[in-house]
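Have a look at this one.
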Amino acid sequence: MDPIELRSVNIEPYEDSCSVDSIQSCYTGMGNSEKGAMDSQFANEDAESQKFLTNGFLGKKTLTDYADEHHPGTTSFGMSSFNLSNAIMGSGILGLSYAMANTGIVLFVIMLLTVAILSLYSVHLLLKTAKEGGSLIYEKLGEKAFGWPGKIGAFISITMQNIGAMSSYLFIIKYELPEVIRVFMGLEENTGEWYLNGNYLVLFVSVGIILPLSLLKNLGYLGYTSGFSLTCMVFFVSVVIYKKFQIPCPLPVLDHNNGNLTFNNTLPMHVIMLPNNSESTGMNFMVDYTHRDPEGLDEKPAAGPLHGSGVEYEAHSGDKCQPKYFVFNSRTAYAIPILAFAFVCHPEVLPIYSELKDRSRRKMQTVSNISITGMLVMYLLAALFGYLSFYGEVEDELLHAYSKVYTFDTALLMVRLAVLVAVTLTVPIVLFPIRTSVITLLFPRRPFSWVKHFGIAAIIIALNNVLVILVPTIKYIFGFIGASSATMLIFILPAAFYLKLVKKEPLRSPQKIGALVFLVTGIIFMMGSMALIIIDWIYNPPNPDHH
């Protein structure tokens, strides 16, 4: 009997409960590979700290057979809400301002609300399917619905989503670690030395920190970093709101090659400095002194981007500092995938549901409502104030945009350090379920092997590093993963599983019709987004110098 399957068994209290030390003797029918994964993940860890380190392995409490949906869980309502919020929150928040800049405020808010509501409906379908299908494992639901192809489809979608998350975390290291080192060394600009090269740094961090942590058998203690990760994102949003009222508009025209302020001789300019509550730091920039158009001047965009800045600064235009409410361009295609990437939490919904104390579908739906609503508010604040800080000059990774304005800033340095520590410690947690799924799929019922344990981790990390080094910007990760695996996990798979496994509702019932419409909507979103992204790649090929 599968230890995590929902079966109709005797629901008398389970007196001979298996302890962690006797897992192997209690489950002799379980493959050695699976036992090794479970023993390594959950030894000496309580249910609160286990959280959701893997997709499907639910902790030592869940190693007993679940009698039915009302088998008592161990995790409180509040902790479950916190866990799901942390599962939703991720690096996607850093790309939302870029999405708003390429959709406009009104269109972005409509799309954000739409994706949030659809995510809630998707969770509803998933919870109902789990009950009717009799499983709390995403891949197992796929197998029950469509056999081996369904299992592989769910496996590929979850693996791609986790690889996308890993790559986005490594991108943040590549973007932000050089800035942190530059500030600590007191350099005005990135001089191009090897220790300021993001490609080298991400390799060093991967080999020196991430790989050793990924080789540990027990990663349970890293689950506590999820709380730190969520806290640092709250701090990040607070700093974004605060900095909105410090950054002027138009943006400063800075020559990053010479480290000096430059200006157009035809426009009256003057130098000012904004303090950042630090004695030795500040923000220098040039602004139009008169804030009016000099007579006889025909303002045109500056000739090309400033070298090394990654941002094209234009001469002051009338609407440069006016927010746009509706925007359509080639980059608008990235908006829905970025939003989908930001709201994916579905592989973690079932493990969290299984551990919810006195659980019911209604209670878990309430947990989902609270978590997604909370993240919706944070996403909206981060996107809005990040966009209003830079308008059309916002970058696809918001933190990196601030380095174009601030040379040294204590608050931003603290945010960068917090985010770097959080994402570095999160990568092994994301890697662990990928490795477990690969071992289970390729080496079923094989004994634990350190060679496989090390080799698969090294291959996954190496592939992610190659991806991060070769792909010029994080928006391509957000876009491609959001349009493919995120759309599969939010829209297509839950609806398809529901239509196939929930037998008691007729096909023409409102519930089934709604699920069918949801499925078709997901397919349209995926095909449309992928087509537009590919068109953007063709007509606006990636710039290898962008970083």
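Heads up, residue numbers simply count up from 1 along the chain you see.
From the backbone N, Cα and C atoms, a Cβ is placed for every residue, glycine too.
Per Swiss-Prot, the features are:
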type: TOPO_DOM; residues: 1-104; note: topological domain 'Extracellular'
type: MOD_RES; residues: SER49; note: phosphoserine
type: TRANSMEM; residues: 105-125; note: transmembrane segment
type: TOPO_DOM; residues: 126-151; note: topological domain 'Cytoplasmic'
type: TRANSMEM; residues: 152-172; note: transmembrane segment
type: TOPO_DOM; residues: 173-195; note: topological domain 'Extracellular'
type: TRANSMEM; residues: 196-216; note: transmembrane segment
type: TOPO_DOM; residues: 217-220; note: topological domain 'Cytoplasmic'
type: TRANSMEM; residues: 221-241; note: transmembrane segment
type: TOPO_DOM; residues: 242-332; note: topological domain 'Extracellular'
type: DISULFID; residues: CYS249-CYS321; note: disulfide bond
type: TRANSMEM; residues: 333-353; note: transmembrane segment
type: TOPO_DOM; residues: 354-369; note: topological domain 'Cytoplasmic'
type: TRANSMEM; residues: 370-390; note: transmembrane segment
type: TOPO_DOM; residues: 391-411; note: topological domain 'Extracellular'
type: TRANSMEM; residues: 412-432; note: transmembrane segment
type: TOPO_DOM; residues: 433-453; note: topological domain 'Cytoplasmic'
type: TRANSMEM; residues: 454-474; note: transmembrane segment
type: TRANSMEM; residues: 477-497; note: transmembrane segment
type: TOPO_DOM; residues: 498-514; note: topological domain 'Cytoplasmic'
type: TRANSMEM; residues: 515-535; note: transmembrane segment
type: TOPO_DOM; residues: 536-547; note: topological domain 'Extracellular'
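Thinking about packing and proximity, how do these listed features fit into the structure?
Across the residues of the topological domain 'Extracellular' (1-104), the predicted structure has a mean pLDDT of 54.
Long-range contacts of the transmembrane segment (105-125) within the same chain, counting only residues at least 6 positions beyond its ends with a Cβ under 8 Å from a Cβ of the stretch, are 99, 323-327, 335-336, 339-340, 343, 345-346, 349, 364-365, 368-369, 372-373, 376, 379-380, 383-384, 387, 490-491, 494-495, 497-498, 514-515, 518, 521.
Packing around CYS249 (disulfide bond) is summarised by its Cβ count: 14 other Cβ atoms lie within 10 angstroms of its Cβ, all protein chains included. A coil conformation is recorded for CYS249 (disulfide bond) in the three-state DSSP classification, outside any helix or strand.
Helix, strand and coil counts from DSSP across the topological domain 'Cytoplasmic' (354-369) read 11 helix, 1 strand, 4 coil.
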Apart from its near flanks, which chain residues at least 6 from the ends of the transmembrane segment (370-390) lie with a Cβ under 8 angstroms of it?
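Distant contacts of the transmembrane segment (370-390): 81, 84-85, 88-89, 93, 96-97, 99-101, 105, 108-109, 112-113, 116, 119-120, 123, 233-234, 236-237, 240-241, 243-244, 247, 251, 323, 342-343, 345, 398, 401.
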What parts of the chain pack near the topological domain 'Cytoplasmic' (498-514), using Cβ distances under 8 Å and only residues at least 6 beyond its ends?
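Cβ under 8 Å, 6 or more out: 121, 125-126, 128-129, 132-133, 141, 144-146.
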Including all protein chains displayed, how many Cβ atoms other than that of CYS321 (disulfide bond) lie within 10 Å of its Cβ?
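For CYS321 (disulfide bond), the 10 Å Cβ neighbour count is 14.
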May I ask which of the stretches 152-172, 412-432, 454-474, 477-497, 515-535 has the most CB pairs under 8 A with the transmembrane segment (196-216)?
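Going through each listed stretch, the top one turns out to be 454-474.
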May I ask you to check whether the transmembrane segment (152-172) and the transmembrane segment (515-535) make contact, with contact taken as at least three Cβ pairs under 8 Å and only pairs 6 or more apart in sequence counted?
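Contact criterion not met.
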